[in-house]
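What TrEMBL says about this protein:
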type: BINDING; residues: HIS99, ASP122, ASP213, ASP215; note: Mn(2+) 1 binding site
type: BINDING; residues: HIS124, ASP126; note: Mn(2+) 2 binding site
Amino acid sequence: YVVLCAGLDVCFVGVPLDAGTSNRSGTRFGPRQIRSESCIIRHVNNATGAQPFDSIQVADVGDVWMNIYNLPEACKNIKDGFTKLMSTGCKTLAVGGDHTITWPILQAVKEKYGPVGLVHIDAHADTNEGLLGAPVNHGAPFRHAAVEGCLDCKRVVQIGLRGTGYAIEDYEWGKKQGFRIVQAHECWHKSLAPLMEEVREMMGDGPVYISFDIDGIDPAFAPGTGTPEIAGLTPIQALEIIRGCRGLNIVGGDLVEVSPPYDTTGNTALLAANLLFEMLCVFPGVKYADV
């Protein structure tokens, strides 16, 4: 890892895990398919003027090694792998994989940057205490991260939450920690640019991590995911959120939950590849041309 990341500012790294899923599996194939669809991504963001590949050193360093037969051990492997990646000063954009991966990544991020602010786009809060008695799963990463001090809980925003739940209090735990919850119905029929002005003020100058679950997007646009929920965000709103993070002290990010077996057209992975490019464009150091 140290050799691979030497001299890099940002790296893409695959995390092909789906042992933490609760519904439809297949996200272990996400990194592979997103890479395949990324072949159409060009160098310049013509909308914003961002030119990441001409500004900073970027590379895909392959997949992190993990024991896919043992979920708790896999999380330890992910944490160790990202710790090594970041030891060079390289920031990471993880390509999932299910949302379990964000917990060990945030453990590694905490060791380097301390508690971070979080911009989390998702249909689900992922703050369950456990599922069927299992504490490690894709519905719990932000509970673990908050309890362990990986998050600066007063600088956490969750956008796009929706769908049926286990209890009417599903979002209360996060609210009690200080999370700002923005449910999907609050986003219907409107631009999210004003929301992101508030988010930038909320995040301030401190370190920020972006975690994007593809199921935050409506399944009409992103059907290839394990736990789809109707009436979600649009790709346009997704771009508003990510572009709204420009200027923040971003130290890492991920995009998770693309499940190619349910993505018959490849459109979900194509959307994911574009969102990852947009995330790269808002990292510190990226230069912008006037457009």
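From the backbone N, Cα and C atoms, a Cβ is placed for every residue, glycine too.
TrEMBL annotations: computationally assigned, not manually curated.
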Residue, out of the binding-site residues HIS99, HIS124, whose Cβ gathers the largest set of other Cβ atoms within 10 Å: HIS99
Integer Å distance between the CA atoms belonging to HIS99 (Mn(2+) 1 binding site) and ASP126 (Mn(2+) 2 binding site): 8
Additional residues surrounding Mn(2+) 1, by Cβ distance to the HIS99, ASP122, ASP213, ASP215 centre under 8 Å: ILE121, ALA123, HIS124, ASP126, HIS138, SER211, PHE212, ILE214, GLY216, THR225, THR227, VAL256, GLU257
Residue pair HIS124 (Mn(2+) 2 binding site), ASP213 (Mn(2+) 1 binding site) - Cα distance, angstrom, rounded: 9
Neighbour-count leader, CB within 10 A, binding-site residues: ASP122, ASP213, ASP215: ASP215
